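J.: Pulled these features from TrEMBL for this protein:
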type	residues	note
ACT_SITE	A:Thr192	active site, nucleophile
BINDING	A:Thr155, A:Lys181, A:Thr192, A:Glu278, A:Asn400	substrate binding site
Number of protein chains: 2
Amino acid sequence: MNAMGFERILGGVCAPKGFLASGVACGIKAEGKPDLALLYSEFPAAAAGVFTTNEMKAAPVKLCKEIVDGPCARAVVINSGCANAMTGKRGDDDAHAMVRFAEKALGVGAGQVLVASTGHIGEYLLVDKVTSGIKQAVDELSVGGNTDAAKAIMTTDSYPKELAAEMEIGGKVVRLGAMAKGAGMMHPNMATMIAVITTDLALPRERMSDWLKKSVEWSFNRITVDGDQSTNDTVLMLANGAAFPDGHVLTDEEADLFFRVLCWLTGRLARSLVKDGEGAGKLLRVVVNSARDDVEAERVARAIANSNLVKCSLYGGSVNVGRIAAAAGSAGVSIEQSKLAIYVGEHKVVEFGEPVEHDPRDIEKMTRRGEVEVTVSLGVGLAAAQILTCDLSKEYVAINAGE
Amino acid sequence: MNAMGFERILGGVCAPKGFLASGVACGIKAEGKPDLALLYSEFPAAAAGVFTTNEMKAAPVKLCKEIVDGPCARAVVINSGCANAMTGKRGDDDAHAMVRFAEKALGVGAGQVLVASTGHIGEYLLVDKVTSGIKQAVDELSVGGNTDAAKAIMTTDSYPKELAAEMEIGGKVVRLGAMAKGAGMMHPNMATMIAVITTDLALPRERMSDWLKKSVEWSFNRITVDGDQSTNDTVLMLANGAAFPDGHVLTDEEADLFFRVLCWLTGRLARSLVKDGEGAGKLLRVVVNSARDDVEAERVARAIANSNLVKCSLYGGSVNVGRIAAAAGSAGVSIEQSKLAIYVGEHKVVEFGEPVEHDPRDIEKMTRRGEVEVTVSLGVGLAAAQILTCDLSKEYVAINAGE
């Protein structure tokens with residue numbers, strides 16, 4: 001166990017007891033790439049979800065928002081390659097068909113299969129291919145299927161994203177596992193990402209939902225790749241209680257531990273989504289402190305993290321302090337220039353709103369390492385916020401220009 | 001005279017009577033490029049200004065906001081290459097010194113010289129170079145100096161931007177002239193642009209100020225290059241009354257005509273700023289109509305125009321309707337998917353929130369022409385808004401990565 005009271009272990013969504021997964025190629029994506037993932041819990045699980053706030057919600061998002069409020073869940077089915085978004089009534093019917101077929105194939109009750117889609121917007125789902133894929137995915141379910149599942153939800157991601165951890169609670173080993181996909185359209189409200197988190201702890205639904213929301217707020221909602229917001233963002237969590245066949249009531253300390261590990265897990269996943277952002281080569285952590293309140297701190301941090309000019313200069317291997325200040329000043333937050341200080345890593349580059357002499361080689365060295373932290377001190381209060389982003393590269397433009 | 005009752009004429013800020021201009025190289029920019037512009041009115045002029053709303057206002061912006069409220073103006077002095085922004089107390093002193101020196105060199109009273117700067121943020125002004133430049137610029141003032149002045153305010157602009165028009169008012173020829181610079185950091189609130197508008201009509205200051213604000217709102221504030229907002233945006237207008245040595249009271253009709261021509265002029269300049277945006281190859285006009293109200297229409301139009309993904313697909317020569325819909329949905333405006341229609345030019349591509357079959361070659365043809373109009377119909381009201389933007393290109397990234 002580490003200092004935080006848990007240990008990172010190998011594996012993903014199948015690390016907690018009682019979860020099986022699989023990933024298959026059903027033919028939505030070209031070239032036979034895997035495009036359908038299935039996760040199954042051997043025991044009824046409590047479920048919670050957080051979804052995109054985009055008004056153009058995809059059909060599976062609308063449907064999943066309903067299902068997740070049902071009494072219990074047994075499975076999650078996800079396809080990549082087609083987002084089933086902007087597909088109207090037919091899209092709703094297709095998402096329903098996908099869920100119905102999975103319920104039947106798994107032999108579970110109605111309303112126990114959660115659903116998500118990711119990929120192109122404005123295209124209809126190839127339902128025949130999805131249903132034959134579900135059939136195959138049910139046949140291939142296994143406790144070793146987590147990586148296949150993580151691969152099958154990828155779109156422009158360059159590698160599958162999985163994570164798992166274990167801790168001791170009530171004398172037993174309790175586990176958390178997760179898989180996620182991201183890449184572009186990554187912005188507050190989780191833009192184009194899908195994540196599934198599993199645990200073998202038993203959790204009351206309301207508490208789990210509350211914890212999931214908070215941990216998403218501090219992780220997936222604090223990253224941005226391109227400022228674009230997706231129609232399909234979905235984070236799902238399933239708790240099947242398999243670690244305690246006879247039940248267990250969490251002490252406050254145990255609850256704290258579990259929540260901390262959940263936050264670690266979502267934070268790590270969020271970071272890996274930015275790091276693997278479309279065309280991303282460098283990571284930028286923007287910290288805004290001594291702000292009047294949390295809302296202002298966050299607003300300034302987001303304005304900087306979403307500035308194309310800031311992100312381009314990072315791509316060029318430098319940190320343009322003027323652009324950072326200009327972005328901060330456009331956030332709609334009152335700023336006293338004479339109190340402003342800016343740090344790049346440990347190096348103070350602006351004090352009292354004026355440039356401070358420093359060795360530019362120190363900062364170049366930092367950008368070459370591929371990870372830069374910029375701290376903007378507003379000097380007017382005690383609040384702070386942090387947003388993680390990446391550079392804006394020619395590769396990003398090429399990927400999204402369809403080259 | 002055209003159907004709108006005016007005529008476009010050659011020239012820029014010197015087209016109206018009584019204005020002289022010059023542009024010189026004082027050594028702020030490398031390689032002896034012109035970097036100091038001077039505009040002088042032979043008669044005292046009423047002045048008005050609209051400035052950036054960025055909290056990190058540059059020293060000359062703060063100073064010019066004060067001066068423009070004075071009783072009359074005689075001149076405008078502008079340097080490029082250094083924005084004199086984020087330069088604290090010393091920057092304020094430098095802007096003051098620049099104005100004082102110009103007042104003395106021109107022999108005009110205190111508070112009659114307006115000032116602006118554009119260029120790198122976070123660098124101190126080279127006051128010695130600026131003052132020797134002003135000296136030279138005063139010597140070189142001429143009625144043919146408008147293009148030299150327009151060249152001297154350029155930064156990453158690829159060509160100088162000038163425009164002039166004439167109309168008949170009260171039996172006399174009245175003229176409007178203008179110069180502008182733009183390129184990057186171009187966004188609502190006029191981002192990194194500077195424009196100077198001159199007229200030989202006499203205008204009461206309040207009326208001129210009101211007209212200038214409105215025309216800026218409908219032109220420079222409706223364009224975006226990269227969503228970044230500058231610290232130095234300044235639009236100035238001078239009216240010296242030289243067309244009517246004996247005075248003239250405008251009729252309502254004459255006032256309407258003049259205001260229309262002012263709006264035409266600012267609109268044309270705004271369009272040329274986007275067209276010459278950093279790395280821009282294509283123009284995108286986003287129209288949102290049948291919205292609940294103007295604010296919602298504008299918000300949706302801005303969200304689409306600022307979407308990196310929308311702009312990248314334009315760069316790639318296509319129009320990705322899914323990205324447009326996703327951007328619209330993230331604007332914080334309630335949207336009824338089933339009422340949504342999207343047009344690319346004349347071609348309907350989405351109806352009732354679902355894709356409509358169309359020939360993609362029609363749209364490809366349009367993007368090849370370099371100018372695309374996308375109309376998003378929300379189907380819930382009567383309000384409309386329009387924003388002009390350009391594509392996001394590899395060249396933009398290269399320019400702003402410092403390559």
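Placement of Cβ uses the backbone N, Cα and C atoms for every residue, glycine included.
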J.: Can you tell which of A:Thr155, A:Asn400 has the most other C-beta atoms within 10 Å, given these are the binding-site residues?
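T.: The most densely surrounded of these binding-site residues is A:Asn400.
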J.: What is the number of other Cβ atoms found within 10 Å of the Cβ of A:Lys181 (substrate binding site)?
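T.: Excluding its own Cβ, the number within 10 Å is 27.
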J.: Check the DSSP secondary structure of A:Glu278 (substrate binding site), expressed as helix, strand or coil.
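T.: The three-state answer is coil.
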J.: Can you see whether DSSP assigns A:Lys181 (substrate binding site) to helix, strand or coil?
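T.: The three-state answer is strand.
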J.: Report, in sequence order, every one of the binding-site residues (A:Thr155, A:Lys181, A:Asn400) having a CB within less than 8 angstroms of a CB belonging to chain B; if no such residue exists, report 'none'.
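T.: Listed binding-site residues meeting the cut-off: A:Asn400.
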J.: Based on DSSP, name the secondary structure state of A:Asn400 (substrate binding site): helix, strand or coil.
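T.: It is helical.
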J.: Give me the count of other Cβ atoms within 10 A of the Cβ belonging to A:Glu278 (substrate binding site).
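T.: If we count other Cβ atoms within 10 Å of A:Glu278 (substrate binding site), we arrive at 27.
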